[in-house]
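J.: Annotation comment: TrEMBL describes 9-136 as domain 'Gfo/Idh/MocA-like oxidoreductase N-terminal'. The domain 'GFO/IDH/MocA-like oxidoreductase' annotation in TrEMBL covers 148-286.
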Amino acid sequence: MATESFTLRWGILATGFIAEMFTRDLLTNTASREVTDVTHKLVAVASSKEAQKASDFIKKVDGPAEAKAYGSYAELVNDPDVDIIYVATPHSHHFQNTMLALHAGKHVLCEKALTVTADQARRLVETAREKNLFLMEAVWTRHQPLSKKVRELVAAGEIGPVSRVFADISFNNLAGEDGKLYHADSSRSVNLDLAGGALLDLGVYALTWVFQVLYHIQPEADKEKPEVVAALNKYHTGSDDSTAIILRFPKHNTLAVATTSMRTATDPSDKGLVPAVRIQGAKGEIQVGNPAFRPDDYRIIRKDGGGEVETVKYSPPVDDARGGWGQGFYWQADEAARCIRDGKIESSVMPLDESIAIMEVVDAALQQGGVAYPDHITSTEYDPQNPLNTGKA
Ligand SMILES: NC(=O)C1=CN([C@@H]2O[C@H](COP(=O)(O)OP(=O)(O)OC[C@H]3O[C@@H](n4cnc5c(N)ncnc54)[C@H](OP(=O)(O)O)[C@@H]3O)[C@@H](O)[C@H]2O)C=CC1
Ligand SMILES: O=C1OC[C@@H](O)[C@H](O)[C@H]1O
């Protein structure tokens, strides 16, 4: 007997690049990816600047005519028809915006990096748990079928016990030969006031691969936080433009190297010649394709494989009725819907304690490298009238 599909009602907080990508995915028919147990409804969108911006956004993504357009984040989080808020602002804003939504009684899916500091992440998690509300960091990579398959292969011992992981996410964003990046100094990519920097923006994906393999799939009692040694290079704005982190998990005798850069690419050819991730075990190696945030393939190289390489390709299903759209952001939306339907306040795919553990690595690396973000974006004092909530920041 077919059971009824559960519908999650979404409010989109902010109207920038990723808000558009995610919302377009949300609007695809779940059947196009063979999902029948959950569906999504776009109920409202808010811009911190003006309602017109939200209304233009709804038209641009071809959203439903009845979707509401708000000119403030406060109106959005107080809409009784919204179940969950997708926070799509710069990292600097995540703590205040997520608190705003939680205090209004809404579940939250917050873009990566969850916060600017581990203290802020802990405060968000405490608040969500106190209020019995769902919270998840939107690390879309975790929910992609390729990631799930790689976790399963490693857990099943396909390459034997893993002793080392290399993970990189790097892009050549150089504007010319003077060392300047093509990002404006004011942009969220490099601006300290918006918590810019390679590590928070990109490096969290390299750390995600390290944690998926060396932390996530361990039995709960065996999970250990790593020792961290890091070095970074700063851009003239004060944010990191390249960071390298060594992680050691002493009880497991495993090591990882997580790197990120805005100056050089993981694969300069962009033709799949260089993997983003190498997972090295006693019986072989799994290499995950580039870019680490949404790899299109993985390959297995076995110690006794005689030089044979097994390559498995993945691509996100698309919805033909929506112009062939589909990027793979919808998997995390489906996970949020299932958790909320089942009364769970956190996902076992992206657990909150793991988001905190990753933010602790980020904290340590930034501290060792001397990157200091301004107090107004690292504070753990929530204020609904904070300029980061009212659009005055
Ligand atoms: N999962 C993924 O693949 C990706 C994730 N991201 C993550 O998404 C988040 C947003 O990134 P992205 O969409 O690229 O950023 P954008 O700059 O494109 O959009 C950010 C939006 O936040 C709102 N905002 C509020 N205050 C400010 C402010 N002071 N400065 C800038 N924007 C402000 C604006 O919307 P409004 O005016 O409507 O309020 C703006 O459009 C980040 O956390 C980033 O790491 C980004 C790209 C890809
Ligand atoms: O998450 C991201 O993935 C893609 C990058 O271009 C972007 O800067 C980053 O936020």
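Each position is counted from 1, following the chain as shown.
Glycine too: its Cβ is placed from the backbone N, Cα and C atoms.
Where the annotation comes from TrEMBL, it is an automatic prediction and has not been curated.
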J.: On the DSSP side of things, how many residues of the domain 'Gfo/Idh/MocA-like oxidoreductase N-terminal' (9-136) fall into helix, strand and coil, could you say?
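T.: DSSP composition of the domain 'Gfo/Idh/MocA-like oxidoreductase N-terminal' (9-136): 55 helix, 28 strand, 45 coil.
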J.: Per DSSP, what is the residue count of the domain 'GFO/IDH/MocA-like oxidoreductase' (148-286) in each of helix, strand and coil?
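T.: In the domain 'GFO/IDH/MocA-like oxidoreductase' (148-286), the DSSP-based counts are 33 helix, 45 strand, 61 coil.
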J.: If you average pLDDT over the domain 'Gfo/Idh/MocA-like oxidoreductase N-terminal' (9-136), what do you get?
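T.: Computed over the domain 'Gfo/Idh/MocA-like oxidoreductase N-terminal' (9-136), the mean pLDDT is 98 on the 0 to 100 scale.
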